[in-house]
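Q: Shown below is the structure under consideration.
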Amino acid sequence: MSNITIYHNPACGTSRNTLEMIRNSGNEPTVIHYLENPPSRDELVKLIADMGISVRALLRKNVEPYEELGLEEDKFTDDQLIDFMLQHPILINRPIVVTPLGTRLCRPSEVVLDILPDAQKGAFAKEDGEKVVDEAGKRLK
């Protein structure tokens, strides 16, 4: 069983790049397709707490439910925002990665390098060609 978990959306380039960087470290993570299998309320609350971010910081703003529900307004409590994310998982920003070294919202994708327990096994470039890791497994930025 893997000690790394990624809350993943395969339609998202950032999420795909993050998953491939995990694999480039020699690890095969547990992949949770959170749109089909959203976290429970308790899991989501724990993820937010472990990341040390606000509930609002996890909200995706460029999706239809955000505007339809008027979530740009500050009138909603954290509990209400969590309810909206559970009802509309597309509102949960991604990818979220959990490792023994921490939990992070990996935006940009190279944030994952800060919490991987194993070094990169070789060069890595994002889908757009941007080089992130050199041949020796060293981070370029």
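Backbone N, Cα and C define each Cβ position, glycine as well.
Per Swiss-Prot, the feature active site, nucleophile maps to Cys12; the stated evidence is similarity to another entry. If you look up Swiss-Prot, you'll see His8, Arg60, Arg94, Arg107 marked as site 'Important for activity'.
Could you tell me the structural context for the features on the list?
A: Annotation for Cys12 (active site, nucleophile): spatial neighbours Arg94, Pro95, criterion Cβ-Cβ under 8 Å with sequence separation of six or more.
The C-beta environment of His8 (site 'Important for activity'), restricted to residues of the same chain at least 6 apart in sequence and closer than 8 Å, consists of Ser15, Thr18, Leu19, Val31, Ile32, His33, Tyr34, Arg94, Pro95.
In sequence order, Tyr66, Ile90, Leu91, Ile92, Asn93 make up the list of same-chain residues 6 or more apart from Arg60 (site 'Important for activity') whose Cβ falls under 8 Å from its Cβ. In the three-state DSSP assignment, the secondary structure recorded for Arg60 (site 'Important for activity') is coil.
For Arg94 (site 'Important for activity'), the number of other Cβ atoms no farther than 10 Å from its own Cβ, over all displayed protein chains, is 22. In the three-state DSSP classification, Arg94 (site 'Important for activity') falls within coil.
The Cβ of Arg107 (site 'Important for activity') lies under 8 Å from the Cβ of Thr14, Asn93, Pro95, each on the same chain and at least six residues away in sequence.
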